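As written in Swiss-Prot, here are the features:
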DISULFID  Cys82-Cys93  disulfide bond
CARBOHYD  Asn87  N-linked glycosylation site
DISULFID  Cys106-Cys125  disulfide bond
CARBOHYD  Thr136  O-linked glycosylation site
DISULFID  Cys141-Cys144  disulfide bond
DOMAIN    150-253  domain 'Cystatin kininogen-type 2'
CARBOHYD  Asn168  N-linked glycosylation site
CARBOHYD  Asn169  N-linked glycosylation site
CARBOHYD  Asn197  N-linked glycosylation site
CARBOHYD  Asn204  N-linked glycosylation site
DISULFID  Cys205-Cys217  disulfide bond
DISULFID  Cys228-Cys247  disulfide bond
DISULFID  Cys263-Cys266  disulfide bond
DOMAIN    272-375  domain 'Cystatin kininogen-type 3'
DISULFID  Cys327-Cys339  disulfide bond
DISULFID  Cys350-Cys369  disulfide bond
REGION    396-497  region 'Disordered'
CARBOHYD  Thr399  O-linked glycosylation site
CARBOHYD  Thr400  O-linked glycosylation site
CARBOHYD  Thr520  O-linked glycosylation site
CARBOHYD  Thr524  O-linked glycosylation site
CARBOHYD  Thr570  O-linked glycosylation site
CARBOHYD  Ser581  O-linked glycosylation site
Amino acid sequence: MKLITILFLCSRLLPSLTQESSQEIDCNDQDVFKAVDAALTKYNSENKSGNQFVLYRITEVARMDNPDTFYSLKYQIKEGDCPFQSNKTWQDCDYKDSAQAATGECTATVAKRGNMKFSVAIQTCLITPAEGPVVTAQYECLGCVHPISTKSPDLEPVLRYAIQYFNNNTSHSHLFDLKEVKRAQRQVVSGWNYEVNYSIAQTNCSKEEFSFLTPDCKSLSSGDTGECTDKAHVDVKLRISSFSQKCDLYPVKDFVQPPTRLCAGCPKPIPVDSPDLEEPLSHSIAKLNAEHDGAFYFKIDTVKKATVQVVAGLKYSIVFIARETTCSKGSNEELTKSCEINIHGQILHCDANVYVVPWEEKVYPTVNCQPLGQTSLMKRPPGFSPFRSVQVMKTEGSTTVSLPHSAMSPVQDEERDSGKEQGPTHGHGWDHGKQIKLHGLGLGHKHKHDQGHGHHGSHGLGHGHQKQHGLGHGHKHGHGHGKHKNKGKNNGKHYDWRTPYLASSYEDSTTSSAQTQEKTEETTLSSLAQPGVAITFPDFQDSDLIATVMPNTLPPHTESDDDWIPDIQTEPNSLAFKLISDFPETTSPKCPSRPWKPVNGVNPTVEMKESHDFDLVDALL
């Protein structure tokens, strides 16, 4: 008894020891916020340009203890108004305007060591760029401030004046030039008020040598940068009457540019529309047409990629698509630009290597092409495993396949099979010496005891000796009160199964069509319910899974095609009717957290959330 008790306790204790302690906690927890703070601070520190990102809200969090504490986090961020180079933290920044602010979602795993130390183990952020300000041609509010395009020509005199103003009023040793205009606004008054935000970059021109910017002054990638916001008033005579400027300069840290690695003789990618490819492509298509034994010329349709390599000359490696044209080789001496592509012609995928020796004026092209195949239609019969290997049997010119035999496809399949069309079909089956066992469709041997009155033999879809109700071709043994009658006068004769089997079925059957259908369905369900019954297809091959490039039209779907799938009767309160989930459903009512700050005056504790789920009220509207 003690041994049983110990085993019982061990069986209850071992599963709890093997499971990792993981639980969902409140997104507004203080430790969760510290973990997100560490993750967001690390992300902002890795960016060197633009503005910092500010926390919007925490959406998911889970804590794992094994043995250290790990937080699995998912949080949303928005672009703030503080540059990365500023000394502010993300908590001191405000959100940027919604139309101009980038957004993102981050997934991070943060470890907690000790009581206060948080370290980021892994983090991935997906950033969505801002849509930018909406620029319209007309505004309903005359005299209101409205955004304008950053590429507007009206900004050129204002920006030119602003750059000159900055260079004349700063003590920096070098001149600065405009880098990027970020946003601009304008207001129509007695003239125009402009407000422009832009970035500047240090150039290679020092103030000792240059008093103003010249075309020789170029921006330095490793120089200082800055961001300015200017306000200017332009009067009706297009003169700048007032101007104010506020700039933040960000000195670059000591940085040594690593030497670029030179690879002499390595292939370098070139644009597919480069003019340098005209000569190699012309030699490639000429080589293709000379070696191809087709009756029509080919021309290049699309260039996929191209590289050039410096060897003893130049080596071009080009991948392109060539298509057959309407110009025949018999009536045209060479390919011309007037030759149009034949949309129904052959398509080739080509790899070309062209060696160009400029000093010898020689070109050595090599072209290797393969015809492009079309997507094949896969067909799998009911109950056939998708993991079974398929061998595609190809013939010259096309792929020969046959569809699986079903209740609606024997006539079409037999007509497409030329080997079976010639000569009479002997026996009661689809092939000599083969026996088909398919219960439920009248194929194969089947015994059924019934309360019928006689011994019926009916002709139908079945072939071979079959004993059943319905459309079976053969004998059916029944135990009843009447005499045994043999109504199958044609039984024992050789039939071609392509003959109108429905007509013979109706002539030999003494029951109504409704009774026949009812008995057939009853037989189908009972036969499918028998255990250990094998379903075999004597003429089925793996190639039946592959359809031809130009498949024949299949007959329309009818209700008899659904006889492959039995109707399983289930009670509403049975276990088969109710689905039992493998794992308990988890809910997280404590997430997402409240927004960190209000967005455009929205209360952070109350947020309107759009729901795209289906509502029953929608069906009543």
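Using the three backbone atoms N, Cα and C, a Cβ is placed for every residue, glycine included.
Annotation for the glycosylation sites Asn87, Asn168, Asn197: lowest Cβ count within 10 Å of the residue's own Cβ, Asn87.
On the 0 to 100 pLDDT scale, the model's mean across the domain 'Cystatin kininogen-type 3' (272-375) is 89. Taken residue by residue with DSSP, Cys217 (disulfide bond) is part of neither helix nor strand, so it is coil.
In this structure, Cys263 is the one among the disulfide-bonded residues Cys93, Cys263, Cys339, Cys350, Cys369 with the smallest number of other Cβ atoms inside 10 Å of its Cβ. Asn87 (N-linked glycosylation site) falls outside any helix or strand according to DSSP and counts as coil.
Note: the CA-CA distance between Cys125 (disulfide bond) and Cys369 (disulfide bond) rounds to 43 Å.
The Cβ neighbour count for Cys266 (disulfide bond), using a 10 Å radius and every protein chain shown, is 10.
Ranked by Cα separation from Cys144 (disulfide bond), the recorded positions Cys106, Asn197, Asn204, Cys263, Cys327 are led by Asn197. If you compare Cα positions, Cys228 (disulfide bond) sits closest to Asn168 out of the recorded positions Asn87, Cys106, Asn168, Cys263, Cys266. Distance between Cα atoms for Cys82 (disulfide bond) and Cys106 (disulfide bond): 20 Å, as a whole number. Comparing C-alpha positions, Asn87 (N-linked glycosylation site) sits nearest to Asn197 among the recorded positions Asn197, Cys205, Cys217, Cys263. Sequence-distant neighbours of Cys106 (disulfide bond) (same chain, 6+ residues apart, CB-CB distance under 8 A): Ala39, Leu40, Tyr43, Leu73, Lys74, Tyr75, Gln76, Ile77, Gln123, Thr124, Cys125, Leu126.
According to its DSSP assignment, Cys106 (disulfide bond) is in a strand.
Spatial neighbours are here defined as Cα atoms within 10 angstroms of one another, and by that definition the neighbours of Cys217 (disulfide bond) among the recorded positions Asn169, Asn204, Cys247, Cys339 are Asn204. Taking the Cα of Asn197 (N-linked glycosylation site) as the reference point, the closest of the recorded positions Asn204, Cys205, Cys247, Cys339, Cys350 is Cys247. In this structure the C-alpha atoms belonging to Cys263 (disulfide bond) and Cys205 (disulfide bond) are separated by 32 Å. Under DSSP, Cys93 (disulfide bond) is assigned to coil, being neither helix nor strand in the three-state scheme.
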